[in-house]
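Below: the structure, in structure tokens.
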Amino acid sequence: MTDLNINLSQAGYLITLNILSLGVGNLFWVPLSLKIGKRPVLLWSTAIFLASSIWAAEAKDYASLLGARVVQGFGASSSEALGPAIVADLYFLHERGAMVGFYTFMIAVGSALGGVFGGYVANANSDWRWVFHMDTILVGAVFLFTALFQAETNFTRPQEYETGQGVEASEIQAIRANSRSSWLKSLAVTGWYDKTVSIWWLWWRPFLTLQYPSVIWGSLTYGVTLGWIVLQQTANASALPVLYGYNAVNIGNSYWTYVIGATLGCIAGGPISDYVVALVAKRRKGYFKPEFRLWALIPAYVLGPVGLLMWGFGLGRRLNPMVALVGSGISYGVLCAVPAIGMTYVVDSHRPVSGETMTVLTAFKNTFAFALSFAVTPWIEKDGYAKVGGWKTLIEGVIFATTIPMYIYGERIRRWSVKLTI
């Protein structure tokens, strides 16, 4: 970016402010989706993402590029919270873990592969604008797929039920006929509008979910796992060339450890968590409660500190670079497993306000990552990689330990939270 005459600190803002807008954007999009529907919100937000990608590619100065990056984050943000909410709309309880895990996998692997390809692009073409040209192509494809295949998932749950010995065959045929909507009809931009609630109330309601301890717990565990990844990626970008002579391609290839970690972590956070829930419920003679899913966190809670210490001591003691890179991959796998299980647990616990709870989780974790990004360089310069790795392990361990009271008292807390007005 020499043509823009910016320093390293200014370049950092292009990432950190994008992360911030990626988080807080959901405070606007999710309430709006509850009012007018998820399909129009996804279409509009993706259109904004597409337009801002073109803007970034054509930016003539730093201020213009920074503005484009902020708007990019705002446009892209809707997918982060609406993804789990759509899963909650479409899938049954025993399927949600796998689907949220797959959703997390696509985000995590997409981000990691972006690092891999980014290294090759930087090596082959010094024009940074090509990164945003690629953004434009990919986001354009996403917009097309959203327009063609993303139907509205908001629906009104019936409050009254008929009782009796059964239903007539004619009634079944009527239900089937009514449930068949044509493909062209599903392409309408709008198909949902909730007249029963004020948009201002919907914008305020996500903050009220902070009354739920499970939402605070989910925000903390998600925030700390993402925050450490942001710290490690930021540090690796400067440490690997200095300590090991890595070039752009080498740094890009280092992201393959993230791809492997994401794959294993999302399997643990998705299908395996569903299996754990089914197994525990079976042993309890069919009794289910959302806390059963928390047992699936044990492997991630064991491996999380291992990955952080490998990264810290690997760079701090200048060990073989694979020590730090494998540690980074383990941390990335933990990032995939812990939020996938945590989000599914929160959705299972507070299904009627799943969208609002996901809004809070995504806003908090991105804000935490944004704040942490400013501390990376001075923290490492002051304490060194090994000590920073130790502090990260301690902080993560304390936050992970809060899962124990959540498991023990979660059911009682939910009974109490029923009295809260949201």
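Including glycine, each Cβ sits where the backbone N, Cα and C put it.
The domain 'Major facilitator superfamily (MFS) profile' annotation in TrEMBL covers 1-422.
Here TrEMBL flags 12-29 (among others) as transmembrane segment.
The feature transmembrane segment is assigned by TrEMBL to 41-58 (among others).
Beyond the ends of the transmembrane segment (100-122), by six or more residues, the same chain brings 80, 83-84, 87, 130-131, 134, 233, 248-256, 258-259, 262-263, 265-267, 269-271, 273, 332, 335-336, 339-340, 343-344, 347 to within a C-beta distance below 8 angstroms of the stretch. What TrEMBL records for 100-122 (among others) is transmembrane segment.
Sequence annotations record features per position, and here TrEMBL assigns transmembrane segment to 128-149 (among others).
Beyond the transmembrane segment (215-235), the same-chain residues lying 6 or more positions past its ends with a Cβ under 8 Å from any Cβ of the stretch are 12, 19, 115, 209, 304, 308, 311, 315, 328, 331-332, 334-335, 338-339, 342-343, 345-346, 350, 357, 360-361, 364-369, 372-373, 376-377, 380, 385, 388, 392, 395-396, 399-400, 402-403, 406. Summarising the annotation, TrEMBL assigns transmembrane segment to 215-235 (among others).
Here the transmembrane segment (255-280) has Cβ contacts under 8 Å with residues 94-102, 104-105, 108-109, 111-113, 115-116, 119, 288, 292-293, 295-296, 299-300, 325-326, 328-341, 344 of the same chain, all six or more residues outside its ends. Taken from TrEMBL, the feature transmembrane segment covers 255-280 (among others).
Per TrEMBL, the feature transmembrane segment maps to 292-313 (among others).
Positions annotated as transmembrane segment by TrEMBL: 325-347 (among others).
TrEMBL lists 359-379 (among others) with the feature transmembrane segment.
Annotation source TrEMBL lists transmembrane segment at 391-410 (among others).
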- Item | Selection from 128-149, 292-313, 359-379, 391-410, the stretch that has most Cβ pairs under 8 A to the transmembrane segment (41-58) | 128-149
- Item | Distant-in-sequence neighbours of the transmembrane segment (359-379), which means Cβ under 8 A and at least six residues beyond its ends | 12, 15-17, 19-20, 22-24, 26-27, 30-31, 77, 80-81, 206-207, 209-210, 215, 218-220, 222-224, 226-227, 230-231, 234-235, 339, 342-343, 346, 388
- Item | Folded-back contacts onto the transmembrane segment (128-149), same chain, C-beta under 8 angstroms, at least six residues removed | 1, 42-43, 46-47, 49-50, 53-54, 56-58, 68, 72, 117-118, 121, 187
